[in-house]
Every structure is written in structure tokens, then in C-alpha cells.
């Protein structure tokens with residue numbers, strides 16, 4: 001297992017695989033299928049300062065090799081997450097990456113402060129890329145100055161490392177990555193979903209109540225791979241890669257693109273065992289190919 | 001709750017685009033109550049990508065056999081309809097909370113109302129209520145005669161009335177028209193079908209005791225993704241919710257906002 005070990009800021013991971021934020025709730029449902037201790041880390045569902053119901057339904061729609069979702073950051077608010085969700089997660093040794101969302105800088109700062117001070121999470125993941133809330137979120141992810149300012153403000157109150165989750169809904173993702181790196185980000189996670197829409201040809205109306213939703217699943221993988229490679233060329237920051245991973249071959253491709261760890265999202269809905277399956281298959285793949293460490297895989301991609 | 005490759009048994013088209021399929025596997029032994037559902041993966045390709053929630057209509061625990069009924073509608077259900085006996089299907093289940101038959105006593109008058117593909121989960125409910133010696137009356141609503149199914153099957157549990165939108169068989173109109181026309185009275189009401197049907201029942205019978213089962217688009221099917229939430233009646237904050245997949249799909253009348 002040591003061959004799979006990855007040490008990223010705040011995240012001492014026994015393997016590089018974690019479920020992605022929003023696709024795994026706070027772990028309770030998946031703990032009925034397997035021991036969450038096998039995971040490299042867990043990215044928690046987004047927390048906001050105040051409770052949110054989220055969007056009306058339908059919130060999901062299937063698309064070619066993918067799905068659209070517009071959940072709308074439904075969560076019980078950061079106080080309840082800390083008092084009701086995190087204590088249950090403490091039974092696992094797996095490090096927690098807490099996703100932080102909001103509509104104004106102050107929301108992010110307050111939520112990040114509470115999570116950082118809880119002592120129960122290993123790192124923060126700043127969600128500046130949720131396409132499904134009208135009040136903001138993604139606005140921070142599409143403007144390098146706003147992204148940098150938000151990163152600085154959250155870094156100022158956080159005692160734990162801060163990863164910034166980048167939006168692919170931009171012309172040049174490298175500019176945003178460099179801006180948050182300069183502002184003190186400890187790492188990047190990328191990519192969030194791409195804004196999309198599906199129209200019901202019988203009703204003539206968008207299938208999702210929110211009209212637009214975030215596209216995820218295998219359909220977006222080539223975009224994630226391209227963007228990670230572009231960003232990897234320009235920054236030293238660790239990258240948690242995500243976007244349509246369903247197989248061990250996909251995991252390898254993300255490492256070759258320049259990721260240091262990966263997150264699995266939509267695939268959890270298809271196979272609740274996908275994370276432990278990929279962990280096992282990654283170990284077998286490396287053994288079969290004669291790799292002793294993930295570094296060797298990354299080196300093949302051109303990253304030392 | 002488990003993930004298992006179940007073996008397809010008999011499959012037949014029992015009405016226009018309506019298929020009844022038998023599935024064999026240990027998931028059958030875990031079904032606890034009528035109204036639970038399966039989350040079925042129609043293909044191992046990347047398209048269609050997701051599972052389909054389909055309710056269980058009948059369980060035979062000794063034979064480890066489940067019966068499901070679904071309408072061939074899109075890509076996923078077409079793939080499922082094209083399965084042949086001996087094929088396997090990736091199934092997650094049994095999921096959700098079903099109908100609480102324990103709340104019904106011998107001699108209770110129970111009205112069961114089903115609309116279209118909402119009819120199947122009511123089959124084992126009717127069976128269980130009959131076993132509890134309730135007086136079961138069933139009202140089934142369909143688009144037309146070609147889409148009608150299970151009307152004979154429900155006759156073994158009590159009287160059955162049918163409505164069709166075009167009047168090609170039974171009462172012309174909706175299930176609510178039949179209930180009024182036949183002047184059916186009941187102590188308990190159980191229903192599954194389109195939301196407008198459920199809303200009409202809730203409006204007509206605001207004191208109804210019993211429960212309803214909801215159909216909704218789902219993601220994970222196990223309560224993690226929050227795709228299938230609904231509001232709670234009387235919740236002033238607007239933040240309270242129920243997840244259809246894991247809190248439901250069966251809810252008491254007037255618990256959730258339809």
C-alpha cells in the first residue's frame with residue numbers, strides 16, 4: 001500500500017483516491033457499503049454559512065455519457081455540519097477535505113473560520129465554481145482578481161491548508177490558477193462541472209427546474225485532462241484532479257496529465273463501490289506495469 | 001441493501017410498452033415491505049450512464065424472485081425491455097421505505113389507487129392487506145385500454161374499478177371520477193401514480209389516512225446526492241426536506257409537498 005501513499009498539504013493520504021464533493025454527502029450512505037477508512041480522503045458536501053434548501057426538482061438529467069445536476073448547494077449550514085456530521089466522521093482516520101461555498105466573501109470567510117476551528121477537518125476546498133447558485137459562487141471562479149481576493153481572505157482566517165476548486169467555465173483556466181497561487185492557495189482541485197442544458201423536446205422546456213445544470217461524468221473527462229495539463233505546466237501547486245473518472249485507466253490518465261491525487265464523482269452513483277474498486281485496481285495496475293510509486297507514473301507524464 | 005447481478009427470468013409485454021420482468025437473486029430475500037424499489041443499471045457502457053429506479057411489484061422470497069413492471073420509454077428502459085431470459089442485470093436494492101401494512105387491521109376498508117406505471121408497487125401492498133383481512137377495493141387509471149394492465153391480478157384481492165382518459169374501457173376520466181361515481185368509502189387510502197393524480201386525491205380527501213408513493217428523477221438512489229428531495233408540508237423555514245429515495249418513496253398523506 002505504501003506505493004500508493006500521497007502526501008499533500010494537510011492531506012496525508014494512504015492512496016490518491018477520494019470521493020468528490022457533492023457526490024458522497026457526508027459519507028453516511030456509503031459507509032453502509034464499505035469501510036470509509038480505505039479511502040485516501042473524503043471531500044465533503046459543500047458547506048454554506050446558513051442552511052440552504054437548494055433548487056426545486058427536477059435537479060438532475062441524464063446526457064450522453066454524463067449528467068446535468070443543479071442541486072443548488074443544499075446543506076444544513078456549517079454549524080450543523082460541525083455539530084452533527086463531523087462527529088460521526090471522526091470514527092474514521094481518513095482525512096477530510098471540507099468544501100466551502102457562499103455567495104459573498106463574508107460567507108466564505110465565516111464558513112471557513114468555523115470549519116478550520118472545528119479541529120475535525122484536514123483542509124478546505126474553496127468552491128468558487130458551483131454553476132448552480134444564482135447569487136455568486138461561480139463569479140469568484142471566473143474572475144482572477146475576485147478569486148485571488150477570496151483566497152487571500154480565507155487563507156487569513158484558516159489554520160489549515162486551502163485548496164481552490166477551479167471552474168472550467170472560463171476562457172483561460174491558467175490565469176485563475178496563477179491568481180489563486182499568488183494569493184496563497186495551498187493546492188488546486190479541478191475541474192468542477194461545466195454549465196449545460198437539456199431541453200425536453202415534448203414540452204419544449206429545459207429538463208432541469210433551474211434550467212441550467214453542471215455537466216459531469218465521462219463526457220467532460222477530455223476537458224479535465226486538457227485543463228490539468230495546461231495548469232500543471234504553469235504551477236507547482238498540488239492538483240486534485242477530477243472530471244468523469246470511472247476506471248483505473250482514467251485515474252492513470254489524470255496522473256499523466258499532472259494530477260497528484262484524484263476525486264471520483266458521478267461514478268459513485270453508478271457503482272457505490274467505485275472508490276474501493278479503483279484503489280484496488282490501481283495497486284494491481286502498478287504492480288502489473290512494474291511501477292513502485294505514483295511518482296514513477298507521473299514521471300512518465302513528464303512531471304518529476 | 002446490496003449491489004448484485006440478478007438473472008433475468010421471464011419477460012413479457014403485458015400492455016402497450018409495459019413490460020413485466022422476473023429477476024432472480026439474493027436481493028429478493030432482503031425486501032422488507034411493499035413499495036421498495038430497485039436501482040437498475042441498464043448497460044455497462046458509458047451511455048446510458050445512470051441507474052433507473054424501478055419499483056418492485058412482487059416478491060417471492062423462497063424462489064429469490066422479484067417481479068418488476070416498467071414502461072419502455074427511453075434508452076435505458078428499451079435496453080432493459082430487450083433483455084432475454086438468462087441475461088444478468090446490475091441491480092442495487094432493495095432501496096427506500098415502503099408501505100407500513102402493520103397499520104391496517106382486519107376489517108378495515110382500504111382503497112388502493114394506482115395510475116399508469118404507478119400501479120406495480122401497489123400489487124404486493126394489496127396482497128399483504130388482503131392477508132391482513134382488510135377489505136380491499138382497487139381503482140386503476142390508465143391512458144387507454146391498450147395501456148391497461150394488472151386489472152385482473154388485483155381482482156384476487158377485492159373489487160377493481162378502472163378509468164381511462166379516453167374512455168376506451170371503464171369509466172371515462174380519472175381515478176377520482178371513478179371513486180365519486182361508485183361512491184367508494186374507505187378507512188385508509190394508498191396511492192401511487194402521477195403527481196397530478198396524487199394531488200387530486202389529497203384535495204378530495206384532506207383527512208385521508210394511509211400513504212402515497214412518489215416517482216421522481218433520482219441520482220444515487222441511496223440518499224447521498226440530494227437530487228430527489230421534496231419540501232415538507234407546514235414547514236415555514238423552507239429548509240426542511242425529505243429525500244424520496246431514502247426517506248420515501250412512500251410517505252403518509254400530507255407529509256410532503258406534492
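Every residue, even glycine, has its Cβ placed from backbone N, Cα and C.
Now, the feature entries from TrEMBL:
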- B:52, B:53, B:54, B:55, B:69, B:70, B:71, B:76, B:77: FAD binding site (BINDING)
- B:220, B:225, B:228, B:245: [2Fe-2S] cluster binding site (BINDING)
- B:1-101: domain 'FAD-binding FR-type' (DOMAIN)
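Secondary structure counts, DSSP: the domain 'FAD-binding FR-type' (B:1-101) has 12 helix, 51 strand, 38 coil.
The Cβ centroid of B:52, B:53, B:54, B:55, B:69, B:70, B:71, B:76, B:77 marks the FAD site; residues of that chain outside this set whose Cβ lies within 8 Å of it are B:40, B:68, B:80, B:117, given in sequence order. Here the binding-site residues are B:69, B:220, B:225, B:245, and the one whose Cβ sees the fewest other Cβ atoms within 10 Å is B:69. In this entry, B:220 stand out among the binding-site residues B:52, B:54, B:77, B:220 as having a C-beta under 8 A from a C-beta of chain A.
Among the binding-site residues listed (B:52, B:71, B:77), B:52 has its Cα nearest to the Cα of residue B:220 ([2Fe-2S] cluster binding site).
Listed in sequence order, B:216, B:217, B:218, B:219, B:243, B:244, B:245 are the same-chain residues at least 6 apart in sequence whose CB falls under 8 Å from the CB of residue B:228 ([2Fe-2S] cluster binding site). Most Cβ neighbours within 10 Å, among the binding-site residues B:52, B:71: B:52 holds that distinction in the structure as shown. Separation of the C-alpha atoms of residue B:52 (FAD binding site) and residue B:225 ([2Fe-2S] cluster binding site): 15 Å, rounded to the nearest whole number.
Cβ environment of residue B:54 (FAD binding site): B:37, B:38, B:39, B:40, B:68, B:70 lie under 8 Å away, each six or more residues apart in the same chain. Mean pLDDT for the domain 'FAD-binding FR-type' (B:1-101) in the predicted structure: 97. In sequence order, B:19, B:42, B:52, B:70, B:71 are the residues near residue B:77 (FAD binding site), counting only same-chain partners six or more apart with C-beta under 8 A. In this structure the C-alpha atoms belonging to residue B:225 ([2Fe-2S] cluster binding site) and residue B:69 (FAD binding site) are separated by 26 Å.
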